[in-house]
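Down below is the structure, laid out as structure tokens.
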Amino acid sequence: PDGPLEEDGGSGAGVADDTAEFGLVSVAQGPRLGIGMDSCVIPLRHGGLSLIQTTDFFYPLVEDPYMMGRIACANVLSDLYAMGITECDNMLMLLSVSQKMNEKERDQVMPLMMKGFRDAAEEAGTSVTGGQTVINPWIIIGGVASVVCQPNDFIMPDSAVPGDVLVLTKPLGTQVAVNAHQWLDIPEKWNKIKLVISREEVEQAYQEAMLSMATLNRTAAALMHKFNAHAATDITGFGIIGHARNLAQQQKNDVAFVIHNLPIISKMAAISKAGGNLFGLLQGTSSETSGGLLICLPREQAARFCAEMKSSRAGDGQQAWIIGIVEKGNRCARIIDKPRIIEVPYRGSVVSAQEGSNNNASPPEVQLT
């Protein structure tokens, strides 16, 4: 199938986010978060501590196995980062080797994928201590991330208030970019979009998508504490509107999220239009993989959050955009009829690890909105 495929089972139970009605529970030992949100929060019997855990996996969506490993690890960790958690105590790797691969392919591809996963875990300050490998018709990669926290280490995703603003920390459009790259070799599909984008631009957008998906949301998680975030989630398989609605349903207050701006990888909006509303990108339904955090911040803090994301040395050229508002409502989310499209330029090419390069790129200059 075309594009990133993901069923976001971040709650540690391998289930999709449409079971959100079972989300937040208040218990005597401390807050508990179950099926429906990014991670499960389980109060432990000892000293006010909580176990926070998440799992996720998917099929390969880029050609570079090393980058695929990094993307998979970043995607798993994002569920912790969405709760403002910056440290992970342990990771497990879930790996499926395709029975269609010959021995040579297996020996070349799988070690690179595993190395990418381990390298991203090391960058996150954690390590992979085990996991499970199986033989399957398809290649699958994912993992489990676990951490034991004190109450002030995490931010429950339920305290948005009217007057907050919505901030997004990665551009949208990864599904379109990955598919456009596949279509370079499929004439009937390439012919639909070639009038709005060049082959070189497709390659650049693909590299930008890979770089974005492989980038950890750890800096944003740390800044959530500094700037008093009220709630957050990560944008993955259900698109920005699906995850915004899910987050809105978890709120304690009667609020609604209204999205006015859509930061999108350059030219991906044009491809979506040329393809006949391809993947619903402009309607917010296009799947993302290892996307950014959608954060509810106090209005007076949001611009400083965005500025610090861009200037942070640890942020490695990351950005953030104010994309909407929180208003009084019935726990729903919507995108306005004609949202402003913010074209996010390409930062440069990603070269795979086997060629011995690093993937640092200079940040683009985009006006914060």
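Glycine too: its Cβ is placed from the backbone N, Cα and C atoms.
Any TrEMBL annotation is an automated prediction that lacks curation.
Residues or ranges marked as domain 'PurM-like N-terminal' by TrEMBL: 38-139. Per-residue confidence over the domain 'PurM-like N-terminal' (38-139) averages 96 (mean pLDDT, predicted model).
Marked as domain 'PurM-like C-terminal' by TrEMBL: 162-334.
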Composition by DSSP (helix, strand, coil) of residues within the domain 'PurM-like N-terminal' (38-139): 38 helix, 31 strand, 33 coil
